[in-house]
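Take a look at the structure below.
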Amino acid sequence: MADMDTEARPVLVPGGNKTRPVKPVPSKPISKPSNQQMMKSKDPIDPITKNPSSPISNPRSIPKKKEVSRRRNLSLDGSCSSEASIDSFCSRPSSGSTSKSRCAYSVTQPKKEVGKKADIGKEEKEMVSAVSQEFVEVKRRCSWVTANAEPCYVAFHDEEWGAPLHDDRKLFEILVLSSALAELTWPVILTKRHIFREVFMDFDPVSVSKLNEKKLVAPGSPARSLLSESKLRSVIENSKQILKIIEEFGSFNRYIWGFVNNKPIVSRFRYPRQVPIKTSKAETISKDMIRRGLRCVGPTVVYTFMQVAGLTNDHLVSCFCFGMSV
């Protein structure tokens, strides 16, 4: 084919039908456009705004390569600072110090948050230590005083139960309240304690012995809201017999404490199941009281009376009241 192209061939021209050699047209190699030509031919798209008409993408606004790199630094600065707007970056070229400061701000900001978290952690530790200190300071009591116990019941355990009594009126009151446990519970008795004291004249044996039984046990009387008729009659009868004991021994205190040689019995129980409901000593005291004419004073009632009046120390060894009563 190359030989045929180089041969002369007839060409029709206005001058006539003459033949002349036709020179071959050399083929030029196809050259790829350079990067600079592509940048000139196509407008670059601004990486921030994605708009070809932005000031950065205009070729006339970028006369030099340094300006291009400078603009690129602006886009990097925009990623470091979220507070600066795009217009400010485009209108004012930032120096190196500005970009560093903005980048440093984005780095140092989490440190402040870490500091706040550290402060919060300190506050939480202080609160936990304060709560733990409160738990440490909680007094350990006998197991029958639960967390849901009424305040009067807790105060009764802390201040009265097991504390030695030597006053005749107080001893008579505890004997009456211990006998009332056959019909009521301690929390109920303690809530009605002021009524007991009003009805029974502050448990003065002389005043109680003079009460009219008919009025005391009559329906609608305040005493009937406390105990049954038989129990109310027994209180009046026991007051009369206690007066006889006082005449014989000089005081009810001397009579009752003589059974334990004027010294409390320390049980040293570790577990609640070890605490009995009656003892041989309680049976002895009960028999002597019944012999003297007292009523409703069985061994169980007498042992409860001994526990409350402090004749026996039945606080568990783990209770804070145990050491106070010894």
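For all residues, glycine too, the Cβ spot is worked out from N, Cα and C.
TrEMBL annotations: computationally assigned, not manually curated.
Marked as region 'Disordered' by TrEMBL: 1-104. For 50-61, 91-101, the entry in TrEMBL reads compositional bias 'Low complexity'. Annotated compositional bias 'Polar residues' per TrEMBL: 76-85, in sequence order. The Zn(2+) binding site annotation in TrEMBL covers CYS142, HIS157, HIS315, CYS319.
Looking at HIS157, HIS315, the binding-site residues in this record, the fewest other C-beta atoms within 10 angstroms of the C-beta turn up around HIS157.
Cβ environment of CYS319 (Zn(2+) binding site): ARG140, ARG141, CYS142 lie under 8 Å away, each six or more residues apart in the same chain.
Same-chain residues that are not part of CYS142, HIS157, HIS315, CYS319 yet have a Cβ within 8 Å of the Cβ center of the Zn(2+) site turn out to be ARG141, TRP144, VAL145, TRP161, GLY162, ASP314, LEU316, PHE320, CYS321, PHE322.
CYS142 (Zn(2+) binding site) is surrounded by 19 other CB atoms, counting those within 10 A of its CB over all protein chains shown.
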